[in-house]
Structure formats: C-alpha cells, structure tokens
Amino acid sequence: MRVSISKSSIKGEVFAPPSKSYTHRAITLAALSKEAVIHRPLLSADTLATIHASRMFGASIDQKGDDLFIQGVNGKPRVPDDVIDAANSGTTLRFMMAIAALTDGITVLTGDASLRTRPNGPLLEVLNRLGVKAFSTRGNDKAPIVVKGGLGGAIVTIDGSISSQFISALLIACPLAQNSTTLSIVGELKSKPYVDVTLEMVELAGVKIHTDDNNGTGFIIPGKQKYNLKEYTIPGDFSSASYLLASAAMIEGSEVTVKNLFPSKQGDLVIIETLERMGADITWDRKAGKVTVRGGKPLKAITFDAGATPDLVPTVAVLASVAEGTSRIENAEHVRYKETDRLRALAIELPKLGVRLKEAKDSLTITGGELKGAAVHGWDDHRIVMALAMAGMVAGNTTIDTTESVSISYPDFFKDLSNLGAKIEETSEE
Ligand SMILES: O=C(O)C1=C[C@@H](OP(=O)(O)O)[C@@H](O)[C@H](O)C1
Ligand SMILES: C=C(OP(=O)(O)O)C(=O)O
C-alpha cells in the first residue's frame, strides 16, 4: 500500500496503543501458566505471531472483546504439530526458541524474509551449552531454526551487544528448567530496559530470578519453578506514541494529547525527555497518564545515545532532520539488526526529503533544515514508515510505499493520524 501525505498540523486527543513488548510477554507467560486473562492486549501482526506460536505449544487462547482468555500449558509446552512461523517478529522467534527448549521433542521455527536475515547466534550458543540441540538449518545462525528440547542448567555467559531478546528469552524459559542457571552478560548490554520489562513480568507471574550487583548483568535463575500469571492489563506503548508526540512537536499549530501513558519500565519513555531536551513544549501528567505536546517551538539539535532505546532511532532521526544544528544518534549499531538495517534505511530515505545526513557504523549525524516532498520507500518496516509519515506531514507532497507494515506494531496508525487532522490518502496500488 502507498499513502500520499500533504502538509498537515494535528490536533486532538488519542489513546496510545497497547505496548507490544508487554503484550508479547503477557501472552507468553500466560501460555506457560495455568489460566490467565489479559486485558487490552495489542492485537497486531507481531503479537498475533506470539498467539499463534503459543497455541502451537498447546495453549488455548480466545479473544472476547478487549480481553484474551488463555488456558496455558502449566509449565509443559508440547511439541508443535507443525513449523512455527514467527512472521516478522524477532521477539516471537527468540522467545519461542527458548520455549521450544522446554519440550521433549523437536521444534522448527521460521519467519518471513526479513526475520530470516536476523542473527540468533548468541542464543543458539547458550541453548546448546544448556543441554539443548539448537541450530540454524543454513548454518548461519538465522531462521529456519531447529530446537531439540532438553533444557538443563549450567553456568553460562551471553553476548549482550546484539539483542536483549536472547536474554529475555532465557529469563523466561530457564525458571522452568530442571536445574538452576547462572547467566552473565558479556559485552555491553544493549536495549536493557526490555530485560527489565521481562524481569518485571516474570516476577509478577510468580517466578524468582536473582540479579547480582554487577549493574544488573548477572542472573541466578533457580529451576523447577512455576508460572502463575492470572490477570494483567497491558499499558500504553511509548514507542508507538513517539510518532504522534514528535509529529506534534515538529508542526506549528499542532496540539496533541496522548492518553494511556503512565510511568512504566519501557525505556522508550525517554522520548518525553528527548523532546524536552530539544526544546519542545511538552507536559506529562503522570497520574492521569496524559502527555500533551504543543507544536511551534523551534527544536534544537541533540546527541542521542540509542543504546537502551533502539526503536526510537527513526523518530529521533526525523526530529533531528528539522532541528536547528547538527544532531548525533550514537551507540546505534544494534539498530542495523532490526526488520531492516534501519540506519541504512534512514540514510537512504531522509536525504530524498532534503536532509543532510552522514552514516557511520554505529551512528547517524544529521543536520536539520527545510524538508521537501518526495517519493520515499518504507522498506516494509513499520518504524521506517511511521517516521517517514512524520517527515511527510512537515514536507508535504510526499508518498510512502509499503505502508501496510504499520500492522506490525500500530495497525491504526494512519487512522489515528487522520482523526487528528492529518491529510493522508491511502491508495491501494504499490
Ligand atoms: O524485547 C522486546 O520486546 C524488544 C527488544 C528490542 O530489541 P533488541 O533487544 O533486539 O534491541 C526492541 O528493539 C524490540 O522492538 C522489542
Ligand atoms: C525490532 C522490533 O521488533 P522485533 O525485534 O520483535 O521484530 C520493533 O518493533 O521495532
């Protein structure tokens, strides 16, 4: 699908969509528990992949209105009848690789063309050291992946510099192993807040994991535990909200309130502080869970460390494109291992809109200025599409292709923007 976007300002109130990361975890932990209900889950392509995989492991999941009713496997996932297709979702693939290690048979996991380019080496290596046979069919650490269950326990180290999802996956599965596991992270842990979200959810589901004092980079995970998630309400998603908040900040005449944004372990809530640092007019009523942004204040360049919050990079890159001065997005190499190489995608697309940008191995240097309309490519990547839509509302006269990819994390993105007054037309041709 392609959309064309004219210069627009946006005004009004909108509900932040439910968090993708919390939804993945709530479904996965409910599926490993006996019986649970999840209120207000995100139902998007990625979380549907987690629902599908959980069903393949034996959970039964029914949607009724805004709730998911889950009969779980009570700690004993069964061997799937078929290959598990994790579609476009890295979180699903990594979590389900570790769940597969708890079965007493063989599981094959794959995904779409994008997911089959993403690395899994550190997780495969640790699963093998924990007594599991796990390998890539192509011998390149990428899906399709085969996992033969038998998760024991051991003292292991894992590389934290590629994806925190490997660590989250082990933190979810290891409490159900026969023995205890000691897991230490080597190399810089990227995307750490996502590990904190995992720990929060795992503990809420009744499982104990001990964190050592070493900056939270070591875990002792007793085995033979049980999950008992009963009920959980998914909070709003700060990454999805970032596109709305940042758009309002960039465009004069805009005033947007995003609701359902309460304090949370989500690292991407730093979008609020980032907009403040850039000089935006933004207020967060934490009690009411409401963030309000008024556009029109000139934005200043910043340095943005993407280590903990890779998903904000497309949003911040577009903000930098209109800010006064030269911004640097650094510590961002892991952003290359997403649905696309997002540093590369931004380095190719933003200059089409007139942006001056330099790409390095782990950084983008962006000098802000006037944007001009262009036909840009969305790279089949939801976050690239949503970030380009922000730029399109500033530049006007912009078309973006592969916009259906917003279904991965924010299916109502274009509907919400239109309701706020954005001038967006969807056309069905490629
Ligand atoms: O665990 C999670 O829910 C996620 C972790 C992050 O990935 P990495 O840990 O691979 O950086 C993030 O980019 C992704 O969107 C969601
Ligand atoms: C990278 C993302 O998700 P995942 O790793 O689950 O595919 C994302 O949502 O930007």
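Even glycines carry a Cβ here, placed using N, Cα and C.
A TrEMBL annotation is a machine prediction, not a hand-curated record.
Mapped onto three states, the DSSP output places Asp311 (active site, proton acceptor) in helix. Long-range C-beta contacts of Asp311 (active site, proton acceptor), restricted to its own chain and to partners at least six residues apart, with a cutoff below 8 Å, comprise Ser239, Asp268, Arg383. The active site, proton acceptor annotation in TrEMBL covers Asp311.
Every protein chain considered, the tally of other Cβ atoms within 10 Å of the Cβ of Ser191 (3-phosphoshikimate binding site) stands at 23. DSSP assigns Ser191 (3-phosphoshikimate binding site) to coil, not to a helix or a strand. Look at TrEMBL and you will find Lys20, Ser21, Arg25, Ser163, Ser164, Gln165, Ser191, Asp311, Lys338 tagged as 3-phosphoshikimate binding site.
The phosphoenolpyruvate binding site annotation in TrEMBL covers Lys20, Gly90, Arg118, Gln165, Arg342, Arg383. Secondary structure at Arg342 (phosphoenolpyruvate binding site), taken from DSSP and collapsed to helix, strand or coil, is helix.
Look at TrEMBL and you will find 8-417 tagged as domain 'Enolpyruvate transferase'.
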Cβ under 6 Å from an atom of ligand 1: which of these binding-site residues qualify? The list is Arg118, Ser164, Gln165, Arg342, Arg383.
Ser164, Gln165
Sorted by position, what residues of the same chain at least six away from Arg25 (3-phosphoshikimate binding site) have a C-beta under 8 A from it?
Ser168, Ile172, Val197, Thr198, Met201, Val202
Does anything in the same chain, at least 6 positions from Ser164 (3-phosphoshikimate binding site), have a Cβ under 8 Å from its Cβ, and if so what?
Leu189, Lys190, Ser191, Lys192, Tyr194, Val195
Comparing the binding-site residues Lys20, Lys338, Arg342, Arg383, which residue's C-beta has the most other C-beta atoms within 10 angstroms in this structure?
Arg383
